[in-house]
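Novice: Supplied in structure tokens, the structure appears directly below.
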Amino acid sequence: MQANGTGQELDSDVPCRNGAQNGEPPAAAHSNGLSVSVSNNGNGVSGGGGGGVSAPPASNNSNTADAKKKKRLSQCEEDVIRLIGQHLHDLGLNQTVDLLMQESGCRLEHPSATKFRNHVMEGEWDKAESDLNELKALMHSPSAIVRMKFLLLQQKYLEYLEDGKVLEALQVLRAELTPLKYNTERIHILSGYLMCSHAEDLRAKAEWEGKGTVSRTKLLDKLQTYLPPSVMLPPRRLQTLLKQAVELQRERCLYHNTKLDTGLDSVSLLLDHTCSRKQFPCYTQQILTEHCNEVWFCKFSNDGTKLATGSKDTTVIVWHVDTETQQLKLMKTLEGHAYGVSYLAWSPDDAYLIACGPDDCSELWLWNVQTGELRTKMSQSHEDSLTSVAWNPDGKRFVTGGQRGQFYQCDLDGNLLDSWEGVRVQCLWCLSDGRTVLASDTHQRIRGYNFEDLTDRNIVQEDHPIMSFTVSRNGRLALLNVATQGVHLWDLQDRVLVRKYQGVTQGFYTIHSCFGGHNEDFIASGSEDHKVYIWHRRSELPIAELTGHTRTVNCVSWNPVLPGLLASASDDGTVRIWGPAPFLEVQDAEGLNECCSMDS
């Protein structure tokens, strides 16, 4: 085939042909087998099997002028036409595709690719294998031909087996697949399928759909990955691009806080995605006033059904979260913490709750949440300071420590299993590997300690005291509250400071921040200026400043199951529950009518 007056070599990489510019009529060959032609005067169009389209004749001078004026399509325009053509073809609108291609002068894919596609879908394996020789010249990596041939022969072998043609299948395995000397491990697996007693057994063991359109379409999708897009478009390319666009808009939406639906049916492609601030937990839903002194800590349970709050008034209150109304009701009050409660940790199964006190407290309390009974009251020495605690993922052990140099690993009865001497602990966290314990210390750093092989290593080094820290669910990121600096985000794997969040007022009080929202895309922190600050993880500037507390906000906790629920504990003696706006209009709820706002 010739295009633009040039030979086959140029044609191999040019999917769009505007031959009219050189005085040549474009000819097209399409995947649906419909051939089209354009008459010499450029006006008459006929489609084999698809009906004809004709226009009134015009003078030769007019035709020449029109040909000169005809705009040559840019590469982007050609790509868009091909994408539309492929999508229409997938919908079965083949005549429309033919008209689009002949009018634009483009072709959907290279003729050799069309021939190859048809032979694969018809199961004509010898012809498809022969087509590979034509495609080889069009490929950026000719060595990929071996892999493509292997995939073809594998399908051929499986189809023979399913049809009961064992001798033919054996011939393919021995004389065609094995000589390729490619993926011998897979060949051994394929040879095992000879022992399958019936077709259902073969399909189950091979995890294969069986002979037919489904398996051959999947095969084509794999084969296409070895061909340049100028020869054959990737499958469902337009849909892929639209999904990527929708996902990118959601990722850039500052207030997007719902589960990502990767399907296109749930969104409108006619409008840009935007979530209303009214859907975000920026509004006070409830004020809990049962504590009678400063509230130092709050933490939702792992299943999101309970909230524990600790106070200077020596009590821990466990609240029940109604997952339907998202209202909280007092469930139990746990008393007797003489120094007050400054830190709380739920066991992985939420059956137990450990409470720690401030610096002068040498005891910790391990409570059975369901019964309200104290299981363990642990104290190794009256000189200890046990101010922080973290559960091992197995739920059978925990680590605790404080700034006086204590660092213990204990069982649920408070028995000492291991200890690490000389570590002045500020905050603790157990990683999901069950071995590594992260501890921030008085040297402005976070180190990793392994109690099994007694090794430790430096992970984070700050220039100012680390007052508290928390770790993301995947264990990759750490959120630090740094004295006089604010909130810092660190990558624990790469050991680098990722971001410094602005706005929060942080002196030398212990303030606890948290990750939250779907996919932990958000960060929240209390502040000494009486506010709660919320940031999108990728943005240094706050997207919301929540007002209502009248003294320092010591701690925030984001519900891990209900992404629209946030709790904050303050020295003003209250716990505030934040949620979406109480009355959402339908249009607001769909997130379509309001752009993101910085107003609080």
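Cβ atoms here come from the backbone N, Cα and C positions, even for glycine.
Whatever TrEMBL says is automated annotation, not expert-curated.
So TrEMBL says this about it:
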{"type": "COMPBIAS", "residues": "31-43", "note": "compositional bias 'Low complexity'"}
{"type": "COMPBIAS", "residues": "44-53", "note": "compositional bias 'Gly residues'"}
{"type": "DOMAIN", "residues": "109-168", "note": "domain 'CTLH'"}
{"type": "REGION", "residues": "1-71", "note": "region 'Disordered'"}
{"type": "REPEAT", "residues": "288-329", "note": "repeat 'WD'"}
{"type": "REPEAT", "residues": "334-365", "note": "repeat 'WD'"}
{"type": "REPEAT", "residues": "546-578", "note": "repeat 'WD'"}
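Are these features on the surface or tucked inside, and what touches them?
Specialist: Across the domain 'CTLH' (109-168), the prediction's mean pLDDT works out to 91.
When the repeat 'WD' (334-365) is classified with DSSP, helix, strand and coil residues number 0 helix, 12 strand, 20 coil.
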Novice: When secondary structure is assigned with DSSP, how many helix, strand and coil residues does the repeat 'WD' (288-329) contain?
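Specialist: The counts are 0 helix, 21 strand, 21 coil.
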Novice: Taking helix as H, G and I and strand as E and B in DSSP, count the residues of the domain 'CTLH' (109-168) in helix, strand and coil.
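Specialist: Looking at the domain 'CTLH' (109-168) with DSSP, the answer is 45 helix, 0 strand, 15 coil.
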Novice: Are there residues at least 6 beyond the ends of the repeat 'WD' (334-365) whose Cβ is under 8 Å from a Cβ of it, and what are they?
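Specialist: Sequence-distant neighbours of the repeat 'WD' (334-365): 293, 296-299, 301-303, 305-306, 308-318, 372, 374-391, 393-395, 398, 400, 402-403, 412, 510.
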